[in-house]
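Participant: Feature table excerpt (TrEMBL):
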TRANSMEM  A:21-47  transmembrane segment
TRANSMEM  A:53-72  transmembrane segment
TRANSMEM  A:79-96  transmembrane segment
TRANSMEM  A:102-122  transmembrane segment
TRANSMEM  A:127-148  transmembrane segment
TRANSMEM  A:175-199  transmembrane segment
TRANSMEM  A:220-242  transmembrane segment
TRANSMEM  A:262-288  transmembrane segment
TRANSMEM  A:300-325  transmembrane segment
Amino acid sequence: MTPAAAPADAVPVLTRPRRTVVLPALVFAALALVPAGAFALSAGYLLDLFTRVMIFAIAALSVDLLIGYAALVTFGQAAFVGIGAYAVGILASHGLTDVVVALPVALLASGLFALVTGFVCLRTKGVYFIMITLAFGQMAFFTASSLAPYGGDDGLTVQERNTVLGLPLFEQPLVFYYVVLVALLVVYLLFRALVASRFGRVLRGAKDNALRMTTLGFQVYRFQLAAYVIAGMAGGLAGFLLANATEFVSPAYMSWQRSGELIIMVLLGGLGTLHGAIVGAAAFLLLEEWLSALTEHWKMIFGPLLVLVVVFVRGGLIGIGAALARAAGRRGPRG
Amino acid sequence: MVEPVLAIDGLRKQFGGLVVTDQVTLSVAPGELHAVIGPNGAGKTTLINQISGVLPSDSGTILFAGRDITRLAPHRRARLGLARTFQITSVLPAFSALENVALAVQARSGSSFRFFGDAAAEPALNRPAMAALDEVGLADRAAVPAGHLSHGEKRALELAMALVTEPKLLLLDEPMAGTGREETARLIAVLRRLKGRFAMMLVEHDMTAVFALADHISVLIYGRILLSGKPDEVREDPQVVAAYLGDEIEFE
């Protein structure tokens, strides 16, 4: 008899997305405690800084979904952030300032843009995919720059943050902070379920070997398009929150540098882990903040540092953490 | 006569000036194992690619279970019950052996547009997958990432993936290529066990395997069918011996 006598569903599957619990829980716990820390240190700017960190973490998560789980290297993700932000700005300039309107419009607009551009982009592969997502990103950027009624190049000031059913909740920094935290948590948990689901398994399979998936009977394109739209809408959500956080909307949100930064955040934190994207976004923005306070030539330190981490640390900062934990575990029994 | 599972008529494929598949006509009966042999460059893999839809055909028709699939997309053909393995092993290296097969089950059972629920914990996917692994002798390797399996094991894994799709026809593109003598013997045993459950078209260089398994053999040379018949007829045909078998047997 073969060992198959054991119940089949109890067989360990080594390669399912690892069900890491501790690290993500620590990350979210730390984020939840930031306001207390900011209050204790009477450093109000920390609240703003971390609000920003979490917003970019949402955008970075969407990039990780595409690059880390579907091998779709998107170089135009900032466009979706920009579209979400412009939805808030444009609606506000017409007096529509409630979340009930702004959020669905932001999500639908970014989702629709993803559907239309993804329809074209996903017919290409590899470098062509990178270039065409970049091209669509630039198209969105120049369209925003030429929107004369909405500020054109200069951008658009959002007079007041969105109201929630008429209540000015977002105006209170602490409330807004937790709103963003919940949004991040929801996106994170959603994506986590997604990559482990049947749908996610097809995406991951196509990342490994798309031809094989096709000959198994999967129309890979449809799965990738769905993932592209989901990621686009998450980008739109980040844009919606960003416009509310900064009370300003600018074409710069859509620049290709922004798209590049999102990729770097994911690589910095650890590709294909989801919580790595959050850690990466935090590391990127905090480093940027603190280094620029140290010296005006901070980019000369920042750039090489990023390159070093991405090149030499496989698995990004999460990878370093895991390696250290393993080393500590080995030493554990003795000490 | 029973209606064939696969009936190819006048199939042609040209790459630039090179005619790789030249008016190929052949048919595979239900449950039959039809071997296609021929020297390197005879166009065997091209033929498999045309049948599975990976390569479009220039002219001719492919009837599968009575349906014209000549212009059908590869994933559609797969859904109709046309499974294949690849000459160069084609498993998902990052997935465990079990998950590779479970994915093949998933291709056949219900929609994969399910965004929630842990696919790796679905008994409806894992049970048939485990049964197929058992059939090809890989049950104890279920949890090993496919990339870490030996060459012969990957071949067996491909078979398991094809099995669970419950194909009407399985296209086998040189399943013995690059496997050792022992592994070849194991694979032959597995294929012999599977024979009769569905039709198979076997492209293979290993003549031991071909003559051990085939019900019918077609000899393909320069894209043309030189001869088609029972193994004994093919073995004794002077044309075949001269063109192909002679060399091969010496080589062995």
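Glycine too: its Cβ is placed from the backbone N, Cα and C atoms.
Quantities reported herein were computed from a predicted structural model and do not represent experimental measurements.
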Participant: Would you call the transmembrane segment (A:220-242) and the transmembrane segment (A:262-288) in contact, using three or more Cβ pairs under 8 Å, pairs 6 or more apart in sequence?
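Facilitator: Judged by the Cβ rule, the two regions do not touch, with the required three close pairs absent.
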Participant: Is it the case that the transmembrane segment (A:175-199) and the transmembrane segment (A:300-325) touch, counting contact as three or more CB pairs under 8 Å in which the residues of each pair are 6 or more positions apart?
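Facilitator: Contact between the transmembrane segment (A:175-199) and the transmembrane segment (A:300-325): absent.
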Participant: Run the contact check on the transmembrane segment (A:21-47) against the transmembrane segment (A:79-96): 3 or more C-beta pairs under 8 Å, excluding pairs closer than 6 in sequence.
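Facilitator: Judged by the Cβ rule, the two regions do not touch, with the required three close pairs absent.
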Participant: Below 8 Å between Cβ atoms, which of the listed ranges A:79-96, A:262-288, A:300-325 makes the most pairs with the transmembrane segment (A:53-72)?
Facilitator: A:262-288
Participant: Restricting to the same chain and to residues at least six past its boundaries, which positions have a Cβ under 8 Å from a Cβ of the transmembrane segment (A:300-325)?
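Facilitator: For the transmembrane segment (A:300-325), the list is 23, 264, 266-271, 273, 275-276, 279-280, 283-284, 287-288, 291.
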